[in-house]
Amino acid sequence: MMKEIIQACDLVIFGTKGDLARKKLFPALYKLEKFKKIHPNTRIIGAGRANWTQEEYIKTVKESINNFLKEEINENIWNKFSLRLSFFNIDVYEETQFLKLKKILDQTQNISIYYCAVPPNTFNSIFTGLGKVNLNSLPSRIIIEKPLGVCLQTCKKINDQISKYFLEPQIFRIDHYLGKESILNLLSLRFANSLFFNNWSNKTIDHIQITVSEEVGIENRWNYFDGMGQTRDMVQNHLLQILTILAMNQPKNILPENIRNEKIKVLRALQTINLENINKKTVRGQYISGQINGIKVPGYLEEFGANPKSQTETFVSIKADIKNEQWFGVPFYLRTGKRLAHKYSEIVIVFKKMSINLFKEYYYDLSPNKLIIRLDPNENIKINFLKKSPGLSEIYKLKNDSIQLNSSIKTTNNQIDAYERLLLEVMKGVQSLFVCREEVEMAWKWIDPIIESWGKTNKNTLYLYKAGTWGPIKSDEIIINDGRYWNKFD
Ligand code: BG6
């Protein structure tokens, strides 16, 4: 039985003035207050460099919640929430200042949780500062978030730095996709339903498509994004998480370590993409100006702060193969891009076609069944199938149809944001929804040769696409060459 107790915590948010804290963490914490999920004695300490008074700090937090909460703030809930808040002015490069922090924390009653909502180049000063004054001992917990490096080597460096002061069970590495309701539902779908469980391998599945299509561009993050590209920004983490959840074997039980071990096995089994197969297995693109929802948007190279010679990809599609018994011969086609026609994420499981067509005279080519899992927006699950065309005339005439397996569970006020769930899980001390060291390093190990190979092939392998389209046409080839098609957005 897993721990489900919400403990009293001192949650220290380093980077309390930053985007992540303002846009995601404070609204999420407020919602947890609303759902009565925070222990009465829990305190939230914003840490950053500012000479704010308590009043000024509380005002800033309220502004953030007002701006980024997708519902009206409720004054009663806010009043209760605001009592938990305090500000701590700290220069994290000054080790002595962590001693002052120590005096504020109530380590006898409350579990200290440190959220590093700061750029990764600040991580190490925080780890060291906490470690030097013994704020790192159990049961304290620490949260870090991507980018965890830009390659295996830099990722290992961060992991080495953190593990000097914290043990793996204390470290919560966030991939916010793991906190999404729809991603969690994949586990239930696969492992709670024999219908799917027994039909989840190369015996019945032809191929799997994973699409994460974004309308947004780089949102004024040129420096960050240009050093990353869509592959590091989205595939290394979010898309590979989806892939491993889809492809993992049934774990022994739902203990975090067993789930993670099964995911790691999938990452290990991914076939390497290198200079030999890079052009067959990947297509990358970059957006030029176009229109999204009728509004003209600039091209990537025209974004604020852009280097007009950048070769960074804003779109990528990859054919991934898993070398194990269960998935041999079943390609996983991944694609994701910025400034595409619509924001949506979807998984399409395409089953093998019927080997015998009894209805040949009426329907030449029996189309395969598809399980379509819409993750975002309006999550839902549907199955495409063939049925008898209704009517008296032709008794064996067929027709394509689909059946919806669930309706959207979201209602505006009770919509659960990934950060709400993840913060709650950290407060409970349960690590299932967080990424362990080996997982993140194995993901980089697969991504590195892809990026290195692009650097070695000639430059025209970066295909341009107009903002507001579905990416470079070339991306279709990756799947069409195998006699398959991307599922159409509807
Ligand atoms: C982030 C990336 O991790 O995920 C962003 O850095 C991206 O570039 C975002 O836009 C997408 O998240 P979501 O939840 O909107 O799909």
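The backbone N, Cα and C atoms fix where each Cβ goes, and this holds for glycine too.
Remember, TrEMBL labels are computer predictions, not curated facts.
Because the structure is a prediction, the values reported are computed rather than measured.
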Task = Look at the NADP(+) binding annotation in TrEMBL, where D91, V92, K146 are given, and name the residue from R49, R84 listed for that site too.
result = R49
Ask   = To which of D233, D365, D401 does TrEMBL also attribute binding of substrate at the site defined by H176, K180, E214, K338, K343?
value = D233
Query = Considering only the binding-site residues R49, V92, K180, D233, K338, K343, which possess a Cβ situated under 6 angstroms from at least one atom of ligand 1?
reply = D233
Note = By the 10 Å Cβ-neighbour count, the most surrounded of the binding-site residues K146, H176, K338 is K338
Note = One of the recorded positions R49, D91, K146, H238 has its Cα closest to the Cα of K343 (substrate binding site), namely H238
Request  = Going by Cα-Cα distance, pick out whichever of the binding-site residues K180, D233, K338 is nearest to D91 (NADP(+) binding site).
outcome  = D233
Inquiry  = Between the Cα atoms of K146 (NADP(+) binding site) and D233 (substrate binding site), what distance do you get, rounded to the nearest Å?
reply    = 8
Note = One should report the C-alpha separation between H238 (active site, proton acceptor) and R49 (NADP(+) binding site), rounded to whole angstrom, as 31
